[in-house]
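Let me begin by presenting the structure, written as structure tokens, before commenting on it.
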Number of protein chains: 2
Amino acid sequence: MKIAFLGPQASFTQLATTQLFPDEELLPQANILDCFTAVENGEVDKAVVPLENSIEGTVSMTLDYLYKTPSIKIEAEAVMPIAHHLMIHSENRIEDIKQIYSHPQALAQSFHFLDTQYKTVQRQDFSSTAAAAKHVSENPELKIAAVANQYAASLYGLKIINRNIQDFEQNHTRFIVISKQQNFYTNDSLEILGKKSGLLITLPEDHAGGLHQVLSVFAWRKMNLSKIESRTLKTGLGNYFFFITIVGKWHPVLYENALEELKSIHAEVDFLGNYQEFLLES
Amino acid sequence: MKIAFLGPQASFTQLATTQLFPDEELLPQANILDCFTAVENGEVDKAVVPLENSIEGTVSMTLDYLYKTPSIKIEAEAVMPIAHHLMIHSENRIEDIKQIYSHPQALAQSFHFLDTQYKTVQRQDFSSTAAAAKHVSENPELKIAAVANQYAASLYGLKIINRNIQDFEQNHTRFIVISKQQNFYTNDSLEILGKKSGLLITLPEDHAGGLHQVLSVFAWRKMNLSKIESRTLKTGLGNYFFFITIVGKWHPVLYENALEELKSIHAEVDFLGNYQEFLLES
């Protein structure tokens, strides 16, 4: 199988994709749109893209493309704790390092550590954590370090000086596996966190209490929501769609009735699938 | 007054900030955290950060820092249509251009135009649209173009070849003005789109229908919501807070009663302010 993912090489999304699809052909894409396009055109079987909290792509793009391409569904969700490491070229010593390169968000997430341990070392923004690691590996004479993930350190043969330098222990990134077939993805070697269902709901107009009405449909059925996010439609400033995930596994009739009820209040519903949530290693 | 904004120079956030604060001292910051820190420490009076749909910062960081720093409130919201332009060094001719540089998201947002008009020209990811424009201005011999905004073209003296090359006419970015004083921001030279209120609501546990209960508080008062977004708390994978904006201006007693009612269902509420929404030029 061919699996597209949001690149570059050694991105956090690749780290997720190698765990979700260890034996498949992985094809890095330049951006989230390219991942969706590759799936839609049948160039790949599936793609892995960030859904929440990523430093590599504007995650709102994922929701927008899910909305724009109704043929694409969700097969799985996966959560990975964020772990940033400080790494250098193996020929260098940490005492000689003059600059620390990384994605601005990764530098921000490691702010307290870097400010305490390497206060006098200048920080330099780079387009991604993976590109920063590559730059360090190719330029030993520059005496620079990178903040990146474990996979980047292995791929580019860098020496990790400090592990887990991120400020919040429990910060994480969330990914989804998308496809047109909507097969039920599972993987015995990964821990399953639970079952979920994803829906995109569009309201006919931005009317008071409309969202409340939508949520009532799930609330009185005791179907718990774990995520809700409103996104503006591109047609204007005041129109919204909502991405909702329901936790747990429910009787199919309950879904059918809920969807019927949503139609009766003139909400458009795109059912993205029932799927499992997996825990990944960082 | 000193105003921090998410840089670099010629970022979309600077384009917004110059319209919101034309006569103040503007201080670019490397990331969203630095904007919040500068406000919290009193180094600046206010800051402008992206709230929605930005290609320059992971906007979820804005919500997370609003949550983590309760002393920081919202003074204004501003919407700017996204406009990407293709620009080159004035010494070059567009026929000679070999590569187009920009932020990967800006290249994605201009995908259809570039794929139609410049199919054979290679695209190259750069850390930001502004940095790409700067790179073009400093390297005329490389025969490269940039996709960036109007402000970047002016600042770096570049020649715009194609205007408004973004694929979706109505795509936009949303910004907020944050401060500790929570003064009422207004500006006679900007169009006012409406009045809003922002709230951060934390539920005691992730219980079925909890969010529905919260929304009921506003629904039966006919207070319409224009945005709702759930964010995971850093303490674990299953706990959430919600960012909600209410549209319109309501009697203070209505807010007080709504907040009292939220407390009675054990929701923690951080009221971020009543403020106006402005339309900016792109």
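Cβ atoms are placed via backbone N, Cα and C, with glycine included.
Note that the structure is predicted; figures quoted are calculated from it, not measured.
Copied over from TrEMBL, here are the features:
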type	residues	note
DOMAIN	A:2-180	domain 'Prephenate dehydratase'
DOMAIN	A:199-276	domain 'ACT'
SITE	A:T173	site 'Essential for prephenate dehydratase activity'
Exercise for the section: Identify, in sequence order, the residues in the chain of A:T173 (site 'Essential for prephenate dehydratase activity') that are 6 or more apart from it along the sequence and have a CB within less than 8 Å of its CB; answer 'none' if there are none. Expected result: A:F12, A:A16, A:P50, A:E52, A:N53, A:S54, A:I55, A:V79, A:M80, A:I82
Handout entry: For the domain 'ACT' (A:199-276), the number of residues DSSP places in helix, strand and coil
Key = 23 helix, 29 strand, 26 coil
Completion exercise
Across the domain 'Prephenate dehydratase' (A:2-180) the predicted model averages a pLDDT of 91
